[in-house]
Amino acid sequence: MLKPSIICLFLGILAKSSAGQFYFPNEAAQVPNYGRCITPNRERALCIHLEDCKYLYGLLTTTPLRDTDRLYLSRSQCGYTNGKVLICCPDRYRESSSETTPPPKPNVTSNSLLPLPGQCGNILSNRIYGGMKTKIDEFPWMALIEYTKSQGKKGHHCGGSLISTRYVITASHCVNGKALPTDWRLSGVRLGEWDTNTNPDCEVDVRGMKDCAPPHLDVPVERTIPHPDYIPASKNQVNDIALLRLAQQVEYTDFVRPICLPLDVNLRSATFDGITMDVAGWGKTEQLSASNLKLKAAVEGSRMDECQNVYSSQDILLEDTQMCAGGKEGVDSCRGDSGGPLIGLDTNKVNTYYFLAGVVSFGPTPCGLAGWPGVYTLVGKYVDWIQNTIES
């Protein structure tokens, strides 16, 4: 039986939200027969008593308890009955083998300046499937790229992804592309943004309570680093990837957090044919601005030969450092940003985390034409370049 002190400890954890507000379990949240549930990490799970989920129970009793673990536990609650907390326990943690045999470590090669799974790509949001609108804390690595224009005016016209305390990844065409006006200078990034019309951003949750994020963070860019082999005038836009070095380190929060790079050797070589991924953003491009609210869409990776057949009609020859995804009318990277992320999900016995599968490069005009997938730079092909380029 779960000790009363542990019940009190867990309820105390659940009571504190990241915005400083309080949540007390209520009977409306009960699952009478417990049943199936989906974790904050987007895994299939079963709603059971906390003490019956050995992994999460062990996580709870770990000292000190990390903020990310505290928030994960809070958002994993699926009910409260007879004085006991119910927790959404992933299927893989209820298998006897996972409780007795340490899981294998992923085959990862890393630079010490880059965060590893567990430190990046965290999934803390209670995800809504099939929706277009993101949650306020969903995809906290997303960045808006700021340009300083003539007469000192500023605007956001590309996107990017935070990969460490000091670096953002975007597209090279957002740095020195042929469509960029000559009087624009890439000057900064905005992090922790959700609704560009408000600051701070607030969202009303299912309990009718207001959940507010801290004010967004504007950080100057110290140096832009387009890929050395990128050719702005090329039709196929090969090597359309760039690094932005920030002028200062950023502090991670629930709303500003890096995405993982595909460091696992299997991910580095993957082409993602038939794999469903997320594209997200404000629809910002070098020429247009579409939405004040961060949006998302699910897109499916396309076979390269099929995508090549489509783009051959435009005399565009794609290479193995690129990939295609989407092709459904009105979706695709219309909801993403130039330079923004194509987001994959890796589930293994150690961590479940989001990783940067691709960078939005180009697509049909107008975007979202049926039968025309968007083209993305395949980030796994550039891991070596990224690791060799970043500095402390």
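Glycine residues also receive a Cβ, built from the backbone N, Cα and C atoms like all the rest.
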C260 - recorded disulfide partner, Swiss-Prot, among C88, C89, C120: C120
Ca(2+) site, defined by E193, D195, T198, D201: further same-chain residues with Cβ within 8 Å of the Cβ centre: I136, W194, T196, N197, N199, P200, A213, H216, N292, L293
Among C53, C88, C120, C324, which are recorded as disulfide-bonded residues, the nearest neighbour of T198 (Ca(2+) binding site) by Cα: C120
Integer Cα-Cα distance in angstrom, C158 (disulfide bond) to E193 (Ca(2+) binding site): 14
For the disulfide-bonded residues C47, C53, C78, C212, C324, the one whose C-beta sees the most other C-beta atoms within 10 angstroms: C324
Disulfide-bonded residues near D201 (Ca(2+) binding site) (Cα-Cα within 10 Å), from C37, C260, C324, C367: none
In sequence order, the recorded positions (C174, D195, C212, C367) whose C-alpha falls within 10 A of C37 (disulfide bond): none
